[in-house]
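One structure below.
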Amino acid sequence: MRISVLGAGSWGTTMAALLSKRHDTLVWAREPGLAEEISDKHHNGLFLPGHTLPDTLRATGDLVEATERAQVLVIGIPTHAFRAVLDGIRDHVPPWIPVVSLAKGLEQGSHLRMTQVVEQVLPGHPPAALTGPNLAKEILSGKAAATVIATENATVAKTLQEILQRGLLRVYTNGDVAGCELGGALKNVIAIAAGMAEGLAVGDNTRAAVITRGLAELTQLGVAMGGRAATFAGLTGLGDLMATCLSQQSRNRHVGEELGKGRALPDILDEMVMVAEGVRTTQVAVELGDRLGLELPICRTIGRVLDGEMTAKEAYAGLRNIPAGEEAGPW
Ligand SMILES: NC(=O)c1ccc[n+]([C@@H]2O[C@H](COP(=O)([O-])OP(=O)(O)OC[C@H]3O[C@@H](n4cnc5c(N)ncnc54)[C@H](O)[C@@H]3O)[C@@H](O)[C@H]2O)c1
Ligand SMILES: O=P(O)(O)OC[C@H](O)CO
């Protein structure tokens, strides 16, 4: 199977490395010199310093070359650039091949999920999302993980499951594409909140309360947008929420932790090479809450901190003032 992965960031490179052990895999790297570094030196010093990549993995700096050869196209581009990259390849994608999104976020402005962007830009190509508790560096280090391939067509789901499955990566299927993508996108917002709890040293009880009420919030918004409630209790919801909120490796949690220590968002983002999707997704979640008439107190509070309207300390004090109602959600 010829697989092309677009985007040689930490997750695109990790998935490409895994896939290259069973499939003829090519990864597209945008950064000058990175394709040669991956192919010749088996390193990606920018996004995965200290890790050695398999010598079965090849990279190219030519986006069209990577696209035209593919039998499965995997998109490891963050949401802010996802549509632009698809626009650039639309005339080069071989007919009918599946397009798998690795991204966890929602498009600003349109509020669309990435498989919906694939449907718009590349109609006729079965869209799928690979999502779950998957911290790239752990997987690249050979630690076991479970993930989900979400796509509507059961035959495509089975085929992609077989292609992606590896000994230590357990791939489940799920037909609730909306639920899976929304869990993966919205958990990043809650991870910023959980990171703030760490930075503020408010204690583990408070952190657990915010994570749990965060799950309720993302379930409420996700169900209102067409996801199934049960999906948010699975790998792509609760599972990914746990991995992201608890891991020191999470970029979203890191942003929250630094905000909790009193640092300014631009300074935090300036020193990060990698993306923290939750920063942009928070704004989309708040806009969706407005559209759907949902309270979403945690998302809205995080939005105010990211906008500079309040400090993390004020945010946590404010969350205490929200009246506690019935615990079980309306979904
Ligand atoms: N890293 C992880 O552990 C992980 C795990 C699961 C999902 N994800 C998701 O995968 C997506 C990619 O994340 P990542 O961790 O690989 O990000 P990263 O920051 O490590 O890499 C970003 C990649 O996107 C490319 N890129 C950035 N801006 C671009 C632009 N304007 N045009 C074209 N390409 C551009 C970069 O060249 C790079 O290849 C995100 O949505 C993330 O939430 C990441
Ligand atoms: O580093 P983060 O915060 O982007 O999280 C990475 C993955 O989404 C965890 O599953």
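Cβ coordinates are placed from backbone N, Cα and C, and glycine is handled just like the others.
These numbers come from a predicted model, not from an experiment.
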Which of Arg251, Arg300, Arg304 shares the NADPH site with Ser10, Trp11, Arg30, Lys104, Ala136, Val275, Glu277 in TrEMBL? The record says Arg251
Out of Lys41, Lys158, Lys187, Lys313, TrEMBL lists as part of the sn-glycerol 3-phosphate site with Lys104, Gly132, Asp240, Ser250, Arg251, Asn252 the residue Lys187
Cα of Glu277 (NADPH binding site) to Cα of Lys187 (sn-glycerol 3-phosphate binding site), in Å and rounded, measures 10
Secondary structure split (DSSP) over the domain 'Glycerol-3-phosphate dehydrogenase NAD-dependent C-terminal' (176-315) reads 106 helix, 0 strand, 34 coil
The number of other Cβ atoms within 10 Å of the Cβ of Lys187 (sn-glycerol 3-phosphate binding site), counted over all protein chains shown, is 33
For Ala136 (NADPH binding site), the spatially nearest of the binding-site residues Asp240, Ser250, Asn252, using Cα atoms, is Ser250
DSSP output for Ala136 (NADPH binding site) maps to helix
The largest Cα to Cα distance in Å among the residues Ser10, Trp11, Arg30, Lys104, Ala136, Arg251, Val275, Glu277, listed in the record as binding NADPH, is 21
